[in-house]
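Here is what TrEMBL records for this protein:
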| type | residues | note |
| --- | --- | --- |
| TRANSMEM | A:14-36 | transmembrane segment |
| TRANSMEM | A:48-66 | transmembrane segment |
| TRANSMEM | A:96-113 | transmembrane segment |
| TRANSMEM | A:119-139 | transmembrane segment |
| TRANSMEM | A:144-164 | transmembrane segment |
| TRANSMEM | A:170-193 | transmembrane segment |
| TRANSMEM | A:200-220 | transmembrane segment |
| TRANSMEM | A:266-283 | transmembrane segment |
| TRANSMEM | A:318-341 | transmembrane segment |
| TRANSMEM | A:353-380 | transmembrane segment |
| TRANSMEM | A:387-405 | transmembrane segment |
Amino acid sequence: MPVSTSSIDIKKSLIDSVMAGLIALIVFGPIVGVVLQGYDFNLQFDRVGWMVLVVMVGRFALSLFLQTSRGAVVLQSFESPAGGVGVLPPDYKSRLRWILPVLVLLAVAFPFFANKYLLTVVILGLIYVLLGLGLNIVVGLAGLLDLGFVGFYAIGAYGLAMGYEYLGLGFWSMLPLSAILAAFAGMLLGFPVLRMHGDYLAIVTLGFGEIIRLILNNWLAVTGGPNGMSAPAPTFFGLEFARRAKDGGTPFHEFFGISYDPNLKFLFTYAVLFLVVLLVLYIKHRLTRMPVGRAWEALREDEIACRAMGLNHVLVKLSAFMLGASTAGIAGVFFATYQGFVNPASFTFFESALILAIVVLGGMGSTIGVVIAAFVLTVAPELLRSFADYRVLLFGILMVVMMIWKPRGLIRINRIGIAPRKGVAP
Amino acid sequence: MDGIFLQQMINGLTLGSVYGLIAIGYTMVYGIIGMINFAHGEVYMVSAYLAAIAIAVLGFFGVHSFPLVILGTLIFTIVVTGVYGFAIERIAYKPLRNSTRLAPLISAIGMSLILQNYVQLSQGARQQGIPTMLEGSLRLHVGEGFVMITYTKLFIIAAAIAGMLALTFIIQRTRLGRMCRATQQDRKMAQILGINTDRVISYVFVIGASMGALAGVLITLNYGTFDFYAGFIIGIKAFTAAVLGGIGSLPGAMLGGLILGVAEAQFSGMVNTDYKDVFSFSLLVLILIFRPQGLLGRPQVTKV
C-alpha cells in the first residue's frame, strides 16, 4: 500500500487526545483519586490530574507522529508480523565468536574480585538464566505458553529439601533426581493437555503452579507449611563448606589446609552453577540444530502443516515441555542450596511472570538474549531498590509493549544458511 | 438430607452464580476472537474496588437506604468497569489482531500484572472492606439442624439471574447481539456484510467487563473484604467454569459456574477447606483431559 503524504490533521489529533483523556479520567478517576481508608476515603485528585495530562499529551504526540510519513512506515511494520527466522549467508561468521570467550573469561575471573553481596546477586542472576533458558525452550522454541513454570522450579527446590530431610540425599544426588522428578511432573501434566489447542495449556499450567504452591503451603506434616524446610549446602566430594563439619567429618578448608572463609560455599555454588549454565547453553545450542529442535520451531510456526508432514506433535511438544521442566528443576536445586531453606512464598505466580518477562524481553528462542535479559531483570532491581514498588508494573508494561512492538523479542533469531556443495548436480 | 449439605448447596449456588457471571466474560471473548483474556480476573478485582469506593462515597453523602446505595453502586461500577474493558482491549489486544498466536496471551498476562500493581500502588496493599449492607436472614429448619440463608445471598442469586437474563436478551433479541453472533460465527463474512467487527469486539469486551463488574459488586457484598490479589484465583476458577460449560457457549458458562460453585462448596463442607482451590484446579485439568469441549460446547475443529 503506498504511503500517502497527506498533510497533518491537527484537529484529528486533538480529538484523539481529548477522547483518550476522557477515558483516562473515567478509568483513573475513582481508583487513583479516591483512596479507601477503612470504610472511609480521602481524595487525591492531583494524582489523577497528572495521569490524565500525561495520557492526553502522549496520545496527542502519538497521533501526530503516526500522521507523519515516518509514522506511517512504523504503523505498517506493525500490520504485518515479521517473518520467523532471519537466514544469514552460509559463510557468515558471527561476532559472538569473539564475545563469548571474553564473557567466559570474565565469569571465571569474577569470583576473584567479587565480595559476598555481589557473588550472591550474580548467583541469583545465573539461576534466572537457567530458568529463562528452560522456559525459552518451552515458550520460545516450541511456542507453548507455560504460566506455571514456577511449579517445576518449586519441585526442584523442595526435591532437594525433602530428599535431604526424608531420604538423607545430598546436593549431588538430588541434582539429577530433581531434574528427573520435574521432567516427570511435566510429562504427567503435559501429556493430556498438549493434545489440545495451545491456549488451554496456558491456563492449565497456571492452575498447576498454584496447586503446587497450595499443597506446599497446606501440607504441614510433610512440607513444613509456610515456614518451609531447610536445604543442605553443596559438598565437594563429601567435604562440607561449614566451619565445623557434621558427624565428625572434615570441612573443606581443613582438608586443604586453608583458612576458613564463609564465602567458600557461595564460590563453590557459583562455580558449579556456572558450569551447569554452560552445559545447558551447549545442549540447547546443539538441540536447535538437531531434528527435534527444528521440529519444535516448525510446530510453533505451523502446527497443521507439521502434522500433515507426519510429525507426532504430542511427542515433539512433550519433549520440549519436559526438557524445560527439568531445567527448572535443576534451577530449583540451586536456589534451595543457595538460600539454605525453601518456603512456598518463593514460588508465587509472580516468579512465573518474571521468568516469562525474561523470555519475552530476551526474544523468543534467542539464547544470548535470554541470558542478557535474565541479568538485566534480576540484577537491576537489586541495584535500583527505590523502584522496587514499581517492578511488577514495569514488567507488565514491558510485556504489553514488547508484544505490540517486537513480538519476537529484541534480538532477532538468525540462522546460518546452508550452501549447496559445489560440483553436485542440482 | 442434612443441614450441612443444604447449607453448602446454598453457599455453592451463590458462589456459582457469581462464577457464572465472570465466566461469561471469558467465554464471550474466547468465542469472538479465540483468545483467553487473562486480565478478566483483574477486571473483576478492579470492580470490587470500584464498588467499595461507590459505597463509601454514597455513605459520605448520607445515602444509606439499601436499594438506593446498591442501585448507585451497580450503575457506577458497571459503567466504569465497562470503560476498563474497552481500554484494555484497545491498548493490549487490538494492535495484536494479526500478530503471532502467543502475542495476545503474553500481552494479557502483562495487562493483568499492570492492573494488579496499579491498584496496589494507588490503593495500598492492605485488605479493603465494605460494611454489611443487608442484614438478617431466613432460617429453615431441616431435620434437627437448620439452614441459614442470608438476605445478601438471596439478593446475589436474584441479581445474578437478572444479569444473565438481561444478557440473554441483548444477545438474542437486539441488533447488537445479532452483530455479536454474526462476528462470532465468521468474522470475515460479518465484515463483508458491513459489520464493523472491531467495534463489535470492543462491545464484547465491554459486555464481559460489565458482567464481571456485576459479579464484583455481588461478591463484595457477600464477603465484605477483598485485596488487589483477589482477581487471580477467582479468574482461574471462572475460567474453569467457562471450560466446564463449554467455552464459547453462554448457557454453558452459567451452568459451568453453578456446577463449579456447588462442587467446590460441597468439597469444602465435606472434605477440607484448605484444598478447595486445589480441588477446583484439578477439576479443570480433569475436564480438559476427558471432555475438552465441555458440557454444552461443540467439539473443536481445527481449521487450516
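Quick reminder: no glycine exception, Cβ is built from N, Cα and C everywhere.
By the count of Cβ pairs under 8 Å, the stretch nearest in packing to the transmembrane segment (A:318-341) among A:48-66, A:119-139, A:144-164, A:200-220, A:266-283 is A:144-164. The transmembrane segment (A:119-139) shares more Cβ pairs under 8 Å with A:353-380 than with any other stretch in the list A:48-66, A:200-220, A:266-283, A:353-380, A:387-405. Among residues of the same chain six or more beyond the transmembrane segment (A:266-283), those with a C-beta under 8 A of the stretch's C-beta atoms are 104, 107, 110-111, 116, 119-120, 122-123, 126-127, 129-130, 133-134, 234, 236, 241, 252, 327, 330, 334, 337-338, 367, 371.
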